[in-house]
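I have placed the structure first, in the form of structure tokens, so that the comments after it can refer back to it.
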Amino acid sequence: MGNCEMYENPSKCIVSSKSMECFMVLSTQAQKISIATLCGLFGTLCIFENCLVLYLIFSSPGTRRKPSYIFISSLALADLLASIIFVISFVNFHVFNETDSSKELFLLKLGGVNTSFTASLSSLLLMALDRYISISRPSKYKLLVTRKRAWTALGVLWVTCVATAFLPLMGWNCCTLNSACSKLFPFVDNNYLSTWICLVMVLLGCIVCAYARVLWMAHQHVAYMGKHQVHVGKQNTRMRMDVMLAKTLVMVLTVLVLCWLPALILMIYSIFVNLNNHLRKVFAFCSTLCLLNSMVNPIIYALRSKELYSSLRMCLSQCRRQLRTSNDSPEAESVHRSSMLETVREEDIHVL
């Protein structure tokens, strides 16, 4: 594996292709083929599904104006960027063993991956807060959550995620600080990795608390409505919609935790213990679960959101009509032309 001083001595940073090889833990061709297959499959489906979600949201005036779907579009954009950047950088590094990149280029790619995944998690937090306000203050929801405030929140979110993710590139790395390097990521400072893990855990905790509160309030309200049989009309219908959307977002959160938990546990473990090659191989495969999360999110939206599902059905029906029209176009065009000629001839005869 070449010179692995940077891994064997975490306080030493060696910027060279030999030191990068220490983190290329896939030793057999079968492992590389497995990683490439998983990344190719998950990445392709993720790109297609999230592009479809973005198209369905912004092609419909009714959905693109709602703050809740604005947050969903932010999540889809983050998952789309994560799939593209992660697959390209991950496959080039672990499968094709690309070692000619500099420290700055590697940290730039890593910053892109961290930005997209952190933005995905932060978008889930905004969606949780949106549902909490919707169910706790339904009468003031439209006044509190406006399109302007939604776009402002997304702007702050993305700027914060970019600034946090690119801190290693701006100087917070073990080479510049001559500090302890991570055992999982080249040139990454252990203190930065600890800070990023804490940020992720805080976001996950806030999302869990928000969704737990939303479901508890929804359960109490539904029980109250069923017991007293009051306001059975629009308010009850809206409550059922809020409960359904809350359950949808809980499903998204559950998938997120299950996909990220193995990688987070190994990250935390690597801070305190020197990982062997077997555990680092396990971490490489666990990292592909992040793509699985980004792939499952749009499927949950399509199954749980009636508006997106109806938009998808309309889109599919339009595609079918266009296909039928394109298949029948030569015959239809010839028939149309012959009928036009016959009409012109009849008009000429009548004129004569």
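The backbone N, Cα and C atoms fix where each Cβ goes, and this holds for glycine too.
Summarising the annotation, TrEMBL assigns transmembrane segment to 33-57, 69-93, 105-129, 150-172, 192-216, 248-270, 282-303. Summarising the annotation, TrEMBL assigns domain 'G-protein coupled receptors family 1 profile' to 49-301.
Residues of the same chain lying 6 or more positions beyond the ends of the transmembrane segment (69-93) and with a Cβ under 8 Å from any Cβ of it are 23-24, 35-36, 39-40, 42-43, 46-47, 50-51, 53-54, 57-58, 63, 109-110, 112-113, 115-117, 119-120, 123-124, 126-127, 130, 147, 150-151, 154, 157-158, 287-288, 290-291, 293-295, 297-298, 301, 307. If you look at the transmembrane segment (282-303), the same-chain residues 6 or more away from its ends with a CB under 8 A from one of its CBs are 25-26, 34-35, 38-39, 42-43, 45-46, 49-50, 52-53, 72, 75-76, 79-80, 82-83, 86-87, 90, 94, 117, 120, 184, 248, 251-252, 255-256, 258-260, 262-263, 266-267, 270, 275, 309, 312.
Cβ atoms under 8 Å from those of the transmembrane segment (150-172) belong to residues 67, 70-71, 74, 104, 107-108, 110-115, 118-119, 122-123, 126, 187-189, 191-192, 196, 199 of the same chain, restricted to positions at least 6 beyond its ends.
Per-residue pLDDT, averaged along the domain 'G-protein coupled receptors family 1 profile' (49-301), amounts to 85 for this model.
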